[in-house]
Amino acid sequence: MDRLSSHNATKEVVQKYNFKFSKSLGQNFLIDSNIIDKILSGARITRGDNIIEVGPGIGTLTREMGKIAEKVVAIEIDRNLIPILKDTLSDLDNTEVVNQDILKVDIQELVKDKLNGGPVKLVANLPYYITTPIVMKFLEEDIPVTDIVVMVQKEVADRMNAIPGTKDYGALSIAVQYYCDTEIVAKAPRHMFIPQPNVDSTVIGLHVRDKRKYDVHNEDIFFKTVKASFGQRRKTLLNSLGGLGFLNKDEIREILKEANIDEKRRGETLSIEEFSVLSNIINTKVSSK
């Protein structure tokens, strides 16, 4: 079977099966070969790789990954796409389709049972309405993932890749960059999909580090500190950290002084390193209470 990454090839498959796109599932199929190639290049897929794909659609990206990788497991929630995928992937015995909701899948078990225990790469054109939960599931759970290369809404990619002091920098930037080095792989304007979405897209690469870059003593306190600091962006740290719920203003002032952080600064100006120092001091303070 030829590549599916063209408007005509995709339309032919859709018409053959009388497939109806679901807005609620965020179904927009990629129809540009150049972007497919950039995704493959950004994911650095090699012969021995095990790949997890979420939302394979009609198998456009799945096919191209299956030609290179050791094994591709595609997780698709829409049962109406299963017979289509069975057809479009029929000549690739190293691809497998799982008809489940990714957010309900035990990824650790899936990797163990179907992908030899890993390591794995997540490569996908993600449904935009659940992009962040999917990415964070792979980063926060004990999954042997080395790379996440995904098509996401442009605004989400900008936030994941943002640096301190910019309008896009926030809790998501820190949550992703705490685990990964990030890069923008490609831009994908809305006309590269059918049906055409209302937003432009970006392929972002998240390369998971072998070792933790930041010296964080208590991750729970760290992420709570980050969340509180961005709770109300216009508030200074002296005021926003009150959102933690267990520190009074005098204690916050003392902690900021010890961290060598001006109490008038706002959360969006702090680097991850500064948040690490700040949360470690908060953790020490809480532990000694």
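Cβ atoms are placed via backbone N, Cα and C, with glycine included.
What Swiss-Prot lists as S-adenosyl-L-methionine binding site is ASN28, LEU30, GLY55, GLU76, ASP101, ASN125, and the listing cites sequence analysis. A simple way to gauge crowding: the CB of LEU30 (S-adenosyl-L-methionine binding site) has 22 other CB atoms within 10 angstroms, across all the protein chains here. Under DSSP, LEU30 (S-adenosyl-L-methionine binding site) is assigned to a strand (E or B) in the three-state scheme.
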For this session: Sort GLY55 (S-adenosyl-L-methionine binding site) into helix, strand or coil using the DSSP assignment.
Result: coil
Exercise. When the number of other CB atoms within 10 A of each residue's CB is tallied over all shown chains, which of the binding-site residues GLU76, ASP101 has the maximum?
Worked result: GLU76
Seminar exercise, completed: Per DSSP (three-state), ASP101 (S-adenosyl-L-methionine binding site) is coil
Exercise. Which residues in the same chain, at least 6 apart in sequence, have a Cβ under 8 Å from the Cβ of ASN28 (S-adenosyl-L-methionine binding site)?
Worked result: PHE21, ASN125, PHE193, ILE194, PRO195, GLN196, PRO197
